[in-house]
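Feature annotations, courtesy of TrEMBL:
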DOMAIN    76-181  domain 'ABC transmembrane type-1'
TRANSMEM  72-94  transmembrane segment
TRANSMEM  106-126  transmembrane segment
Amino acid sequence: MLHYVVIHKISEKEIVAADPAKGIVKYKPSDFFNIWTGILLIMTPTTEFKKGNEVKGVFTRFFDLLKPQKGLLFNIFLASLLITAFGIIGSFYFKFLLDDIVPNNLRQSLTVFSIGFIILSVFKVITEAFRTQLLIHLGQRLDIPLMLGYYDHVVNLPMNFFGTREVGEIISRFNDASKIR
């Protein structure tokens, strides 16, 4: 083997190894000893060893970012429902206009319904502007913990990380993080 594997189990019949190139592999002992280079690295935790945080999934991290913004998300959802309702009501206005008002020449009703439609359209535009402002505010509120978490991660990297990287590469990573926003 020209790379390291992790031995999970050794018995008389088989050796179970986690091979990064192949995944979990079961070898007969004779086959394993034919490919083994004889190098063995044994790692055991000391008393100072502390188990790290378990890796969170992408969705868990995303929902952890959104959880403090419940009120803001509710307002965005409510504004979206209102905008949808205004759109549906506007469709009924045009249906009523084309099916009832124009064929029956109801001028008085046309004026009343048109004023109502204009007022509805104004409220729809105001609600859309309000929702847009809420979305911008949500983006800013999500951006701050996201970027601070990234900066905190970079600052807490070991010094040898910075010794093996070019300055431009590290700055490029920060720029990539700002593009992800």
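Using the three backbone atoms N, Cα and C, a Cβ is placed for every residue, glycine included.
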Contacting positions for the transmembrane segment (106-126) when only residues 6+ beyond its ends and CB under 8 Å are counted: 82-83, 86-87, 89-90, 93, 96-97, 100
Secondary structure tally of the domain 'ABC transmembrane type-1' (76-181) (DSSP, helix then strand then coil): 97 helix, 0 strand, 9 coil
